[in-house]
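*Asks:* Structure in structure tokens, see below.
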Amino acid sequence: MRLATWNVNSVRTRVDRVTAWLQRRDVDVLALQETKCRDDQFPEERFRELGYEVAHVGYSQWNGVAVLSRVGLDDVEVGFPGMLTWAAKEGAEPAAEARALGATCGGVRVWSLYVPNGRQLGDPHYDYKLEWLAALRTAAGGWLTADPAAQVALVGDWNIAPQDDDVWDMKVFAHSTHVSGPEREAFRAVVEAGYADVVRPHTPGPGVYTYWDYTQLRFPRREGMRIDFVLGSPAFERRVTNALIDRQERKGKGASDHAPVIVELAD
DNA sequence: ATGCCATCCAGAGGATGA
């Protein structure tokens, strides 16, 4: 079974690219982030006609996460228990955002996650990011306490570069989000709760990334960040036989700024 | 060793992104 995650940066803009890629890569389960549409705008039929079941949550033009599967898609869950809410505007009522979607596919509990960006160090959105991750750690840790043999995959855009090797030049990020101590600590807490980066052993660095900014020739200059991860429970990790970051898909006109990440699992 | 910012909605500019 092949499971992948991809921040597509608008599914409507890139649906042709995504469907072609799914077929070329023979992917069974795909978690998408930043679909940037409401449920009624999601191009569900384009995936159904290729044999995929579809679960999506999107409330507006922002965020949006999905799981596509051709090996079953059951027990769909919008958001995880205890997920933080966010007030988009001053004085607005805090509400859940479309940043987490769970579904069981081929025996794996897959969570498509779009971790808050954080914007700037000290910004309210930065605190939201840290608290959102702490809540995720609590929920995900609980799943393994309840069932240590569970096959769980926490996949998506984590908006954190956990190691210095995960950016091309730490000096550029001296006062930036994504590399700060508290963010890295929040990421590590999820790992310590029992979830391992199953991709890194198959894609060693340095210089291996999943995201390249559209500006300043970042991609041809190979100046990127590794911020998209597949974190797997022990039972999931044992099934992983290979992994790759599909850098090819970042090339050309109309590419997302993120590359897809694929994991191969033993049957 | 593949290219010089993109997406959305609104409505011709602003917010978001990492």
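Residue numbers in this text run from 1 along the chain shown.
Quick reminder: no glycine exception, Cβ is built from N, Cα and C everywhere.
Annotation comment: TrEMBL describes A:Asn7, A:Glu34, A:Asp157, A:Asn159, A:Asp257, A:His258 as Mg(2+) binding site. The active site, proton donor/acceptor annotation in TrEMBL covers A:Asp157. The annotation site 'Transition state stabilizer' is assigned in TrEMBL to A:Asn159. According to TrEMBL, the feature site 'Important for catalytic activity' maps to A:Asp228.
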*Asks:* For A:Asp228 (site 'Important for catalytic activity'), write down the residues of its own chain that are at least 6 apart in sequence and whose Cβ falls under 8 Å from its Cβ; none is a fine answer.
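*Replies:* Correct list: A:Thr5, A:Trp6, A:Asn7, A:Gly156, A:Asp157, A:Trp158, A:Thr210, A:Tyr211, A:His258, A:Ala259, A:Val261.
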*Asks:* When DSSP states are folded down to helix, strand and coil, where does A:Glu34 (Mg(2+) binding site) land?
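*Replies:* Its secondary structure by DSSP: coil.
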*Asks:* Could you tell me which of these binding-site residues, A:Glu34, A:Asp157, A:Asp257, has the fewest other Cβ atoms within 10 Å of its Cβ?
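*Replies:* Among the binding-site residues A:Glu34, A:Asp157, A:Asp257, the sparsest Cβ neighbourhood within 10 Å belongs to A:Asp257.
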*Asks:* Would you list the other residues of this chain near Mg(2+) - those whose C-beta lies within 8 angstroms of the C-beta centroid of A:Asn7, A:Glu34, A:Asp157, A:Asn159, A:Asp257, A:His258 - in sequence order?
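*Replies:* My list of surrounding residues reads A:Asn9, A:Gln33, A:Tyr114, A:Tyr211, A:Ile227, A:Asp228, A:Ser256.
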*Asks:* Just counting, how many other CB atoms are there within 10 A of the CB of A:His258 (Mg(2+) binding site)?
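*Replies:* Other Cβ atoms within 10 Å of A:His258 (Mg(2+) binding site): 26.
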*Asks:* Give me the non-local Cβ neighbours of A:Asn159 (Mg(2+) binding site): same chain, 6+ apart in sequence, Cβ-Cβ under 8 Å, ordered along the sequence.
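*Replies:* When sequence neighbours closer than 6 are ignored, A:Asn159 (Mg(2+) binding site) has A:Val115, A:Pro116, A:Asn117, A:Gly118, A:Lys129, A:Thr177, A:His178, A:Glu183, A:Ile227 within Cβ distance under 8 Å.
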*Asks:* Starting from the Cβ of A:Asn7 (Mg(2+) binding site), draw a 10 Å sphere and report how many other Cβ atoms land inside it.
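*Replies:* I count 24 other Cβ atoms within 10 Å of it.
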